[in-house]
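Here is the structure we will look at.
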Protein chains: 2
Amino acid sequence: MYSSLNTNGNAAAFETGPVSGRFAAVYSEVQNSRIDHALPLPSVLRNPFKVVEGPPSSAAGNPDEIAKLFLNLFGQPSAMLVPNEADSLRSDLKLKIGVVLSGGQAPGGHNVISGIFDYLQDRAKGSILYGFRGGPAGIMKCKYIELNADYIYPYRNQGGFDMICSGRDKIETPEQFKQAEETAVKLDLDGLVVIGGDDSNTNACLLAENFRGKNLKTRVVGCPKTIDGDLKCKEVPTSFGFDTACKIYAEMIGNVMIDARSTGKYYHFVRLMGRAASHITLECALQTQPNITIIGEEVAAKKQTLKNVTDYMVDVICKRAELGYNYGVILIPEGLIDFIPEVQQLIAELNEILAHDVVDEDGIWKKKLTNQSLKLFEFLPQAIQEQLMLERDPHGNVQVAKIETEKMLIQMVETELEKRKQEGSYKGHFKGQSHFFGYEGRCGLPTNFDASYCYALGYGAAALLHSGKTGLISSVGNLGAPVEEWTVGGTALTSLMDVERRHGKFKPVIKKAMVELEGAPFKKFASVREDWALKNCYISPGPIQFVGPSSNAVSHTLLLELGAQA
Amino acid sequence: MYSSLNTNGNAAAFETGPVSGRFAAVYSEVQNSRIDHALPLPSVLRNPFKVVEGPPSSAAGNPDEIAKLFLNLFGQPSAMLVPNEADSLRSDLKLKIGVVLSGGQAPGGHNVISGIFDYLQDRAKGSILYGFRGGPAGIMKCKYIELNADYIYPYRNQGGFDMICSGRDKIETPEQFKQAEETAVKLDLDGLVVIGGDDSNTNACLLAENFRGKNLKTRVVGCPKTIDGDLKCKEVPTSFGFDTACKIYAEMIGNVMIDARSTGKYYHFVRLMGRAASHITLECALQTQPNITIIGEEVAAKKQTLKNVTDYMVDVICKRAELGYNYGVILIPEGLIDFIPEVQQLIAELNEILAHDVVDEDGIWKKKLTNQSLKLFEFLPQAIQEQLMLERDPHGNVQVAKIETEKMLIQMVETELEKRKQEGSYKGHFKGQSHFFGYEGRCGLPTNFDASYCYALGYGAAALLHSGKTGLISSVGNLGAPVEEWTVGGTALTSLMDVERRHGKFKPVIKKAMVELEGAPFKKFASVREDWALKNCYISPGPIQFVGPSSNAVSHTLLLELGAQA
């Protein structure tokens with residue numbers, strides 16, 4: 001029990017800044033109960049272990065180029081922790097470790113940090129853990145806080161990233177690498193844990209290579225974080241946060257489904273976070289069994305147009321109307337329109353025009369669009385046209401999150417249904433309701449799965465640093481089994497990499513893991529979606545439970561992928 | 001355990017219509033676990049009881065007019081169930097009871113029906129329960145289903161209204177009353193339970209009066225349903241569904257708060273369902289402690305303008321920016337703009353113009369607006385202007401739910417902040433994110449409180465009908481105590497009524513219970529909101545738990561109101 005918690009509610013001490021900690025925070029009963037939730041550890045971490053190495057690794061693609069980019073690290077083997085008669089690492093080593101959160105929030109980040117901290121307490125007593133504040137910028141500016149037991153305690157099993165906060169800066173330029181080196185030297189760092197997504201882990205590996213090249217002692221290990229679920233491979237079966245976020249969205253979708261069935265008059269168009277890949281949408285579909293689910297990767301593979309997507313929806317809606325159902329639930333991935341080739345083309349042209357030309361009120365600028373793009377642009381509802389012209393992100397990209405795809409599709413479906421009504425092929429009535437579930441899921445209380453997974457990731461990452469490893473991503477496997485049977489190790493980050501050509505140079509990238517159309521989760525979905533379309537097979541998962549039924553459930557995606565591997 | 005549940009997920013039997021039942025439904029583990037959740041009953045209902053009467057009642061206002069409108073029922077006493085040595089009601093009576101769901105969904109409706117059914121099974125074996133389908137229209141058209149144990153079983157403790165579905169029709173005209181009589185006679189009904197909000201309970205009383213006047217044996221009892229929480233009085237401390245809906249919204253708000261604090265760069269504008277009253281917004285504020293909360297009733301009482309509301313927000317945002325906080329969470333009631341006198345005036349004028357005039361493209365119609373209204377109309381962002389002109393509900397009212405107040409306020413706040421920036425009084429940065437939480441909360445799995453409360457309401461309603469009572473609303477009290485100590489009875493519906501003059505006639509109405517600015521919940525909020533504004537006192541309630549911590553918590557509103565009464 002967190003004794004200094006103030007449950008009065010109106011006398012919380014004044015916080016002095018965004019990372020002043022939760023010492024004075026007011027906690028709900030559920031938050032409070034989670035603090036002392038006992039986290040199981042994989043048995044290999046509870047007992048003496050040694051680190052064994054696998055065979056030399058290669059790269060996900062273009063190994064020759066990756067080898068040139070990582071002269072020191074390319075080819076290094078993965079590491080695996082295995083039981084040993086006695087501990088193989090010196091417990092009298094006092095390590096100085098830094099940790100940083102990079103990018104968007106994902107439930108469980110605090111537990112990764114707790115895991116690192118507890119490892120150091122348990123196995124390298126007297127070590128120091130620095131938390132870099134506000135993401136990679138904290139490394140570059142040497143802004144940090146020394147984390148101790150009291151500071152960490154109220155964040156255990158809690159959502160959010162506010163223990164040290166995160167940021168989206170990148171360590172990219174030679175000057176920035178220099179700054180990172182200076183911090184590593186100044187703090188005498190033995191190791192650094194980078195908690196982040198694909199980009200951040202690529203960056204972690206570049207940092208590891210750089211430190212190694214400069215003969216610094218600082219090792220770097222990554223941890224797979226993203227609710228989007230698009231950072232995974234055989235050794236890293238899932239990224240943390242995906243489980244919690246999907247369950248939060250699925251709760252809401254399930255509620256909306258019961259509402260749809262009770263009311264009988266609305267089609268709910270639910271857009272779900274996840275820009276680059278549609279894993280969240282697919283997982284939520286598997287959990288809730290909606291009538292229509294659009295998977296961006298399928299749209300792209302089949303080179304579908306917006307009209308195709310609209311027609312698919314309208315066909316289902318018409319068939320349902322014939323069965324007497326004028327309601328339904330439709331899931332749409334946030335990044336849908338990015339997956340549609342004709343839209344990509346339009347956006348590319350718009351990016352070009354907006355970067356170099358004046359957009360005049362009279363629309364003369366539109367003449368610069370190709371015929372196909374102009375036609376598509378004019379076909380879009382006006383509100384969407386305006387959103388496409390809105391401010392760009394720092395990389396000059398259209399901010400897909402700002403485009404209300406769900407509203408656009410409602411309008412397009414309405415228009416098409418009206419047409420079919422006049423043709424006599426549709427006699428139902430249609431009312432669309434739009435939803436966007438995003439921010440609600442990024443900072444929820446981690447599920448038991450994410451809480452345990454993150455704790456093991458952090459604990460394992462510290463073990464890797466303790467054993468002198470660098471350039472690895474913390475890898476916890478066998479996740480379908482009870483926690484005690486989970487495997488723990490590290491995978492060479494270079495083995496996940498390929499190169500992309502940017503500005504005439506090869507850049508290493510960890511490829512985003514997209515929804516595989518031949519993968520088990522999609523195939524399962526594809527095999528039942530026609531049933532779901534016309535029958536009402538809705539499942540309402542209900543709120544996440546921390547004890548009792550389903551409290552230890554694992555995501556469908558993970559289970560299906562593990563099953564297919566087995 | 002619901003043995004016929006299909007957990008395979010892809011072989012659910014084909015449903016033949018919206019009220020074909022959940023026999024073939026696929027349930028999540030949590031849904032499944034809830035079916036057999038044992039519901040506690042107040043001890044008075046578990047033991048022999050008798051029904052005692054209170055003193056004659058009056059009306060909430062204009063008793064003389066109410067007396068004229070309810071010649072048979074006016075002044076009747078309330079009823080209270082009290083322990084007795086033996087049961088006072090004949091258990092060999094075989095009753096025929098109808099039940100109807102009226103209006104929008106609220107979590108717990110299925111449990112009211114279960115409660116009625118179980119009462120009949122327990123205390124009047126051999127009775128029949130008819131569920132009228134699709135709301136009051138089901139009564140008028142005599143569309144019903146006979147409810148039996150198997151049919152009801154899968155709906156126990158489940159959200160939604162899909163057991164018999166609901167509807168928004170009203171029994172109003174003499175022809176409609178005639179139809180209701182015909183159904184009552186045809187089915188030989190001893191009683192009818194109307195589960196609904198203020199309007200539906202007014203209607204229930206008119207039906208009771210009508211049946212009594214026609215010497216029909218059919219008695220009518222109401223049950224207080226609405227997530228909005230605006231149907232309550234001393235004897236009916238809360239309406240069902242409010243507890244669950246608020247906890248669902250509060251979970252989401254809590255998550256968004258942690259996100260806001262972690263990210264440090266967004267102001268989240270959260271609009272919450274509840275058009276006529278701001279109880280939901282107030283309850284969610286008490287549960288989560290946001291920086292800014294707008295309560296419609298206060299805005300109305302202080303005759304605030306949209307500019308006043310915007311300025312209040314901007315003042316807080318500026319002060320927070322000085323403290324280094326460029327983030328926050330703001331709660332807004334769905335019906336906010338309805339509470340603003342100048343907006344009400346504008347809407348009234350628009351209603352008039354839209355009903356009688358042509359709205360021309362050139363805007364000549366605007367000349368019909370008063371100066372003040374024209375000024376306000378032109379002051380509104382264009383998207384809102386368009387929404388104000390959108391289709392009306394069947395009563396000709398602007399559809400407030402369609403007006404995206406949260407987006408409107410973001411735009412207005414942005415504009416004002418820009419002004420202050422230029423004046424030099426604001427140096428922060430502002431990004432707004434909008435949310436609307438509504439449908440997600442109406443059909444969630446009922447909390448333990450709502451599940452038990454509804455079960456007692458239904459069980460008690462059947463007892464009232466069994467004892468021959470009519471024109472009462474089922475009243476379960478002492479809700480701050482453990483369930484076994486809850487009181488059970490019925491309150492004369494006429495005692496909740498006042499009259500309103502409509503079309504030159506007096507109409508009886510149960511006045512909506514608004515947020516009382518002198519009530520304990522608002523006063524509590526008002527006493528701490530300045531702290532919440534500048535400090536960050538966020539509470540994240542987390543997902544609703546069915547076992548363990550907070551699983552039996554009662555809403556703050558209810559507790560504070562009970563405390564003030566005590």
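Every residue, even glycine, has its Cβ placed from backbone N, Cα and C.
Values in this document were obtained by computation on a predicted structure and should not be read as measured data.
Straight from TrEMBL, the features:
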BINDING   B:G104  diphosphate binding site
BINDING   B:D198  Mg(2+) binding site
DOMAIN    B:96-462  domain 'Phosphofructokinase'
SITE      B:D199  site 'Important for catalytic activity and substrate specificity'
Mean pLDDT over the domain 'Phosphofructokinase' (B:96-462): what is the value?
94
Measure the Cβ-based neighbour count of B:G104 (diphosphate binding site), defined as the other Cβ atoms within 10 Å of its Cβ.
22
So if I draw a 10 Å sphere around the Cβ of B:D198 (Mg(2+) binding site), how many other Cβ atoms end up inside it?
24
Could you tally the C-beta atoms, other than its own, that fall within 10 angstroms of the C-beta of B:D199 (site 'Important for catalytic activity and substrate specificity')?
17
Rounded to the nearest angstrom, how far is the Cα of B:G104 (diphosphate binding site) from the Cα of B:D198 (Mg(2+) binding site)?
12
Work out how many Å separate B:G104 (diphosphate binding site) and B:D199 (site 'Important for catalytic activity and substrate specificity') at their Cα atoms, rounded off.
12
